[in-house]
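Enquirer: The structure follows.
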Amino acid sequence: MAVRTQFAKMNGLGNEIIVADMRGRADHVAPGAAIALNGDPATKFDQIMAIHAPRTQGTEAYIEIINSDGTQAQACGNGMRCVVQALAAETGRREFTFETIAGILTAHEHADGMISVDMGKPRFGWQDIPLAEAFHDTRQIELQIGPIDAPVLHSPSVASMGNPHAIFWVNQDVWTYDLERFGPLLENHPIFPERSNISIAHVTSRNAMTLRTWERGAGLTRACGSAACAAAVSGARTGRTERTVTVTVPGGPLVIEWLDNDHVMMTGPAEWEFSGSFDPQSGQWQRDETAPSQGAA
Ligand SMILES: N[C@@H](CCC[C@H](N)C(=O)O)C(=O)O
């Protein structure tokens, strides 16, 4: 059996996150271990944020992001806030620079405990999402679901926040749509060769919208930070909103700012639940019996 790794079970507005401390070791969390952890109600998660030793000078760590189906993701906004809270508790520092498969990003914890993550620049080219065919205007692409003459959802905006997002705009309560039914069909639609995160957005003012997301590789979630960013920039890009938007997801509000330098800043909370250790090969785990404490290590 492999040496166990320490983890913290956390959440970012209800997006279920496992922060795993893989520093000082060469192995990775195996897809089978992720699937096993997700199969246990106590450790059920949306993403594992595996903290590895830094690969690039000037960064704190390399973060590997693993969906609950064992696949890798390029971005996870809520997970990054959990990583920041765990490392801030461990080190006493508030400013961090991380590397992910999608590049370098910075984040900081505010004095009130809220955490801002610079999610980088959005990309809108059809090859960047990616889409399987050329669309020169990705503010609205041809895609619909439901009866051909009365589609339930149609004409989404698409954007990449490092990972692929499709945002379907609706004029009524986002809870009136059966996202559990449409999500998997749209996630796996042939237009998305790398699958996609699927969101439904209802703009309620120039600075606010509500959002529900079916996550690629994880399913229905209570929050998706990168989807909130993709929805905010798409809202501004299509003239529906200003560049600063409060995006209310089922777990609560996230503030998204599309800055003049084109970077997208996401601000929200993170919450520690419990700590333990698991075998990164099998996913066998146990809860720490010691007094409650926070931090990945
Ligand atoms: N929960 C995340 C996004 C997770 C990644 C996604 N499922 C994918 O495969 O792209 C967030 O908060 O951004």
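Cβ coordinates come from backbone N, Cα and C, glycine included.
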Enquirer: Considering the substrate binding residues ASN15, GLN47, GLY77, ASN78, ASN163, ASN197, GLU215, ARG216, GLY225, SER226 given in TrEMBL, which of ASN67, ASN261 is annotated for that site as well?
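Expert: So the substrate site in TrEMBL includes ASN15, GLN47, GLY77, ASN78, ASN163, ASN197, GLU215, ARG216, GLY225, SER226 plus, from the candidates ASN67, ASN261, ASN67.
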Enquirer: For the substrate site given as ASN15, GLN47, ASN67, GLY77, ASN78, ASN163, ASN197, GLU215, ARG216, GLY225, SER226, which other residues of the same chain have their Cβ within 8 Å of the site's Cβ centre?
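Expert: Leaving out the recorded residues gives ASP46, ALA73, ALA75, CYS76, GLY79, THR213, ALA218, THR221, CYS224, ALA227.
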Enquirer: Do you know offhand how many angstrom separate ASN15 (substrate binding site) and CYS76 (active site) by C-alpha?
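Expert: On Cα coordinates alone, these residues lie 10 Å apart.
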Enquirer: Looking at Cβ-Cβ distances, which residues of the chain lie under 8 angstroms from ASN78 (substrate binding site) while being 6 or more apart from it?
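Expert: For ASN78 (substrate binding site), the qualifying residues are ASN11, GLY12, LEU13, ASN15, ILE17, GLN47, ALA223, CYS224, GLY225, GLY268, ALA270.
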Enquirer: Output the one of ASN15, ASN67, ASN197, SER226 that, of all these binding-site residues, has the highest number of other Cβ atoms within 10 Å of its Cβ.
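Expert: Result of the Cβ crowding comparison: SER226.
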Enquirer: Considering Cα atoms only, can you say which of ASN67, ASN197, ARG216, SER226 is the nearest neighbour of CYS76 (active site) among these binding-site residues?
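Expert: So, spelling it out, the nearest of the binding-site residues is SER226.
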Enquirer: Once near-sequence residues are set aside, which residues in the chain of ARG216 (substrate binding site), 6 or more away, have Cβ atoms under 8 Å from its Cβ?
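Expert: The answer is ASN67, THR71, ALA73, ASN163, PRO164, GLU187, ARG195, SER196, ASN197, ILE198.
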